[in-house]
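Enquirer: There's a structure below that I have some questions on.
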């Protein structure tokens, strides 16, 4: 709690949520499930000594947890298995093993060394990550808690030592060490407050309450003789269910989720609790829920695997072709009695060169060639990509432009596997509430007794006015100047959650209204019908509210501001201060709280049953219009027509509405309800919830309508601009929301997803025929007619699109409600629905359930086979986030569950444009270029080995020294490519946002297409050919030095190697668009390190350095020939790529090259030129404000043309 505040002690055992906790005995037959399959757990509470080891608890898990992937015993085998599952690593393992045989063209140490480096680096990374998890496990397992040791003594022990049945004492702000049965607390009625952020991400506190029979167990000594048996469900992952019974004395008591305290939740605002351990360790619900998130791999990674397989095919083809030639040459070595290759002594040789057994020799040569040509496969590719992606993620996390200062929340790339996928998003599927909007509700308008109150104008109404050509006064717009509005109206500062302006009912003026009695009942209902908890600041006397949702807080605050202040809640009552119309003063009124029928997504309503000071019993109800109007009594419909009209107007204005109604209950009716309700609550069976709902549904009938509320959920700052940029980038945007169709449509207009002149294809099931069938109640007929209706509407929509195909300027929007979506997602219809949807400019799915959001996401992902991104902020978006290729969580006010299930977390929707258009574009380009360059440099190096093989009659001898072969990928060409993957920018962040057209390079995958991959490979082959033939021809005949010596294999190999090192490093310098000091250091440092290594390695013993001994110091460095050949070969090798790049950029520029030309020619500040370039990204189906302005300009131009005619 904040200083200066103290929560008042609450006694909530009379609330609906807690009535099941009170002592109540019932018949054994109600325990039909206990002891059966899935309900076999038996816990002996507070048993000590031998009983704890009895059969009934012997097999239960201990309380230690392990989140590590490995153990000391399994680390080596499991980690090695993970590494060698990769086909490239497995290939190098096989060649490393073969290197110990006589087949190897190099020594075994040089073959194994790079594999050890690459695999070892990855294993070290895995080990470090697992050690961090191990340390977290040790810290958690060694936390301490007080445990009853017998005779009323509680002593501290580690969590890992807890056993099922132990009695523990948890104190304020401590975590629960296991799943506990709440027995008692510091409150008299065993109530405690629990924070469950670690479980479900929700920040609001939950109320739990123990059974009344155990609530008296307060002191330590009271547990001296306490014994009880709990029979309950087996361990499962459902956080919100618990079925069991407590046997205490001779009685049995039902248990519910209200008595279960889950591990890793925290005790708040309660001094202590006593609890019995029910589930331990890996049996606890939070650990049962700890499933691994779905494995996601980017499209580039999957394609990279296919490219590597392609390289393997080339490698095997080269080895096979080489072996055929070797077979022919070897077979001919002794023909006619003469030895063609006399230097191989074919008359006295091993099987590897035996002309009498050419087939065997060719087979062995094939194995030798497979080892030798293995340098085609980039051994360090995977580990380099992992390093680059981790560094890219750090840059994303540290981007100050995606830091939300108000909430102190930066961007958080929770996984680095999908960085490049951010640059290829084709479709975004977005939640609305809390994602596009703030989820910070403000009470704006209301309809009471058929009269509309509230004079402000919402942002959506302002947008509607603009599109209708009648812009509204800025000062009228709600929230545009909140302080000035409220201060001028009320003479006080603005109040969070309340932005209502209407002098007719404010400041007590409601008493003068014609329907003052209805107004009083309306705001009294808002002050009573909720589960909010008041907090009083004892320094100022101000009351604030902790509510389960922003809507509920806004209602309670609105009631307070009108004159109905909710101030106190006890175990049996709710107290308010209300304005007395007679005396004109505020008086305290106390309402006895009998039951609370809570809100859930299926009920779509909430009710409380209260008894006022006069002894009258009332049911107060608020809920969605879809379920409330059907519950209104015939004599309670006086204001229904007007209220419905106002509700539609509010929906058009983008407001969220609820209907308020009440009824008075006679005593006998309530008693009958209470008895049935209590009996249903005591049921311990799967049918319990259905029985409760049936009884609740019966009492919530024949209501009298009071009116409707309207709260505004404002668009987040920057949402329209963000959507505009994303749309210009060619990204399609779908909105999946649970709101009404009218609200969703108008939010769509406000954020420019929809625009005037865009034809709307609306699919719904509100036809008279469907409604008539729903009244008849024939379910089969309803399903059949609904499916047929949806199919017909989809077909009609497709026909409209086909009819307008010739009209290049016409755009369509598809809007579908949740009921229709059920049928549109049928296997027989979903492909037609998807085809229609992807041809529309924007898609809005209204009244969507969480499951429907996930199913739509799956349909788009599988149907389009393009990258999808889902973005949301609530628990209802988790399925959608996990189903999409990329899940982005908004760390908003609905808790952190969406963030915990996401791949990347941001604080506001407006940061999505920078995440995709800047970081996504950069990461895609960097990873694509990096992989292509890897293939290039390995082919350049590997193909020189093949050419030398051809030159040397396929003898199996490598052109280079053994250790030079091994360290090429590790030391001389790895760091520059890592720098490319981390730092390169084709254009700056400012130009990425200024010209969203750039993003299409990723969507169309132009930088990692097969054409581009093969062109880089071809460049590698060309480079290898030029290097080999220029070097060999230059050194073949003439003397190499002043002493007249000719070049041998050592000199030729070192010279070719020098040229390769220079070429591949200068090639990356040509490919880089944005140089930093690090790139300069890595490129020139790699070249310099080659000369340093050659000096140091050549100075070693000839036994170790072999043919590289003193080759540089004594032979290469003094020879001008070496330097001249190096210079001309390097220049000649780079000319083809340089020429191709220059021609392409001048005559066939790609998107990023166009922007580079604009920057180079100084036209970045020329508005007409920039506008012309940006227009290339606009299509008739583009949405956003820029496209809307373009459409308006086209309309004006068309009208002008018509008028001239």
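Note: Cβ is positioned from N, Cα and C throughout, glycine not excepted.
Whatever TrEMBL says is automated annotation, not expert-curated.
TrEMBL lists these features:
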- 57-111: domain 'P-type ATPase N-terminal' (DOMAIN)
- 87-105: transmembrane segment (TRANSMEM)
- 111-128: transmembrane segment (TRANSMEM)
- 307-329: transmembrane segment (TRANSMEM)
- 362-383: transmembrane segment (TRANSMEM)
- 470-490: region 'Disordered' (REGION)
- 481-490: compositional bias 'Polar residues' (COMPBIAS)
- 899-1149: domain 'P-type ATPase C-terminal' (DOMAIN)
- 934-951: transmembrane segment (TRANSMEM)
- 963-983: transmembrane segment (TRANSMEM)
- 1013-1035: transmembrane segment (TRANSMEM)
- 1055-1074: transmembrane segment (TRANSMEM)
- 1081-1100: transmembrane segment (TRANSMEM)
- 1120-1140: transmembrane segment (TRANSMEM)
Enquirer: Please identify the stretch among 934-951, 963-983, 1013-1035, 1081-1100 with the greatest number of Cβ pairs below 8 Å relative to the transmembrane segment (1120-1140).
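Expert: Stretch with the highest Cβ contact count: 1013-1035.
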Enquirer: For the transmembrane segment (934-951), find every same-chain residue at least 6 residues outside the stretch whose CB is under 8 Å from a CB in it, and list them.
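Expert: Contacts with the transmembrane segment (934-951): 307, 311, 318, 322, 325, 369, 372-378, 381, 384, 957-960, 968-969, 973, 977, 1013, 1016-1017, 1019-1021, 1023-1025, 1027-1029, 1032, 1056, 1060, 1063-1064, 1067.
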Enquirer: Checking distant contacts: for the transmembrane segment (307-329), what same-chain residues at least six beyond its ends satisfy Cβ-Cβ under 8 A?
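Expert: Distant Cβ neighbours of the transmembrane segment (307-329) are 87-88, 91, 340-341, 358-359, 361-363, 365-366, 369-370, 373-374, 376-377, 381, 931, 935, 946, 949-950, 953-954, 1013.
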Enquirer: Near the transmembrane segment (111-128), which same-chain residues lie under 8 Å Cβ to Cβ, leaving out any that are not at least 6 residues past its ends?
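Expert: Distant Cβ neighbours of the transmembrane segment (111-128) are 69-70, 75, 79-80, 82-84, 89, 92-93, 95-96, 99, 104, 371, 379-380, 382-383, 386, 963, 966-967, 969-970.
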Enquirer: Using DSSP, break the domain 'P-type ATPase N-terminal' (57-111) down into helix, strand and coil residues and give each count.
Expert: 26 helix, 0 strand, 29 coil
Enquirer: What same-chain residues lie close to the transmembrane segment (362-383): Cβ under 8 Å, and 6 or more beyond its ends?
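Expert: Sequence-remote neighbours of the transmembrane segment (362-383) are 86, 88-89, 91-92, 95, 98-99, 103-106, 111, 114-115, 118, 121-122, 304, 308, 311-312, 314-316, 318-320, 322-324, 326-327, 330, 351-352, 931, 934-935, 937-939, 941-943, 945-946, 949, 954, 956, 958, 965, 968-970, 974.
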Enquirer: Compute the average pLDDT of the predicted model within the domain 'P-type ATPase C-terminal' (899-1149).
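Expert: Mean per-residue confidence for the domain 'P-type ATPase C-terminal' (899-1149): 89 out of 100.
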